[in-house]
Amino acid sequence: MANLRKTHPLLKIANDALVDLPAPSNISVWWNFGSLLGLCLATQILTGLFLAMHYTSDISTAFSSVCHICRDVSYGWLIRNIHANGASFFFICIYMHIARGLYYGSYLYKETWNIGVVLLLLTMMTAFVGYVLPWGQMSFWGATVITNLLSAVPYVGGALVQWIWGGFSVDNATLTRFFAFHFLFPFVIAAATVLHLLFLHETGSNNPAGINSDADKISFHPYFSYKDLLGFVAMLLGLTSLALFAPNLLGDPDNFTPANPLVTPPHIKPEWYFLFAYAILRSIPNKLGGVLALLFSILVLMVVPILHTSKQRGLTFRPLTQFLFWALVADMLILTWIGGMPVEHPFIIIGQIASVIYFTIFLVLSPLAGWAENKALQWA
């Protein structure tokens, strides 16, 4: 049997990725989030599949079908709560995974990093179209506001929006196609994840010290397989606790009201995990400018490897850039808070300042800090 896993064409691939994979001996708990994301994706696909068996993508029955799932389907309430809150845990893991990459310089594996950014965009797109499906007030108005942003595209904007809507407003055609996209995208994400892993295994994992670890590698199984298992238990405990004790904690009360095109909710806002990007979008008074800022708030991650100036890889021994990293974390929390607030004084100016700081840290201060630390090393 020991030989079969090393020789069988299919088992060999699994063996090289999950059993005999050489891994640095000093990788910390921050390296757990990759496998946790895999677990999140599997959970979402599985719960989503069971929800799709009972859901109807028609504006006259969508809201009722979700009610039916929660009331009449065996454990439907649990499946829906796990799916809805699983999305929140998915994004918590994504943001932690990206933060780890930024802190320890994992972005220097450029192919792996860029596929990761594409994965983030795909996941955000999937979550957005999924949020529209229950056809509540916030689903409908969220879809209207976000799809309307495409009208800012010069010359073809108007036609583009109507093409995506499948008509002159968000209607039945929109809901049907969003359901089709929401069903399809997770499998695209799974395929892109395979590519992400393929490129990662070309180089091997980075480690907290940021130095070559070829001299000190250990096998993935049993060491990190059990370490990942501990992460699985912790995350599933958190997810089930949230789904069972406070399933609506992170949702919007407006979504318990069926969609009504004639009544606009007082505050239109996305789910909590998009609030930071929504705050950046709202901080610019110009429509096209806001859309570009929204886009670049994510795409800025792609320029991080290009702007890396330091001679050291991670931030473990770089206090100046460490300060910038934690300033960025604080800034994102402020943006998340502002995204959920009404557009009025003082929230407008706070959002604008936080947005400027967000881009300044990425594009100006981090490269400068790396350069300054190199100079300090020369003087030492």
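The first residue you see is number 1, and the count goes up from there.
Using N, Cα and C of the backbone, Cβ positions are placed for all residues, glycine too.
Here is what Swiss-Prot says about this protein:
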TRANSMEM  33-53  transmembrane segment
TRANSMEM  77-98  transmembrane segment
BINDING   HIS83, HIS182  heme b b562 binding site
BINDING   HIS97, HIS196  heme b b566 binding site
TRANSMEM  113-133  transmembrane segment
TRANSMEM  178-198  transmembrane segment
BINDING   HIS201  ubiquinone binding site
TRANSMEM  226-246  transmembrane segment
TRANSMEM  288-308  transmembrane segment
TRANSMEM  320-340  transmembrane segment
TRANSMEM  347-367  transmembrane segment
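Shown here: features listed in Swiss-Prot, placed on the structure.
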{"residue": "HIS83", "record": "heme b b562 binding site", "CB count, 10 Å": "21"}
{"residue": "HIS97", "record": "heme b b566 binding site", "CB count, 10 Å": "20"}
{"residue": "HIS182", "record": "heme b b562 binding site", "CB count, 10 Å": "22"}
{"residue": "HIS196", "record": "heme b b566 binding site", "CB count, 10 Å": "21"}
{"residue": "HIS201", "record": "ubiquinone binding site", "CB count, 10 Å": "14"}
Cβ contacts the transmembrane segment (113-133)/the transmembrane segment (288-308), at least three under 8 Å, sequence gap 6 or more: yes
For the transmembrane segment (77-98), distant same-chain residues with Cβ under 8 A (at least six beyond the ends): 30, 33-34, 36-37, 40-41, 43-44, 47-48, 50-51, 66, 69-71, 116, 120, 123, 127, 130, 235, 238-240, 242-244, 247, 250-251, 271-273, 301
For HIS196 (heme b b566 binding site), the three-state class that DSSP assigns: helix
Cα distance (Å, whole number) from HIS201 (ubiquinone binding site) to HIS83 (heme b b562 binding site): 30
Candidate ranges 33-53, 288-308, 320-340 - greatest C-beta contact count to the transmembrane segment (226-246) (under 8 angstroms): 33-53
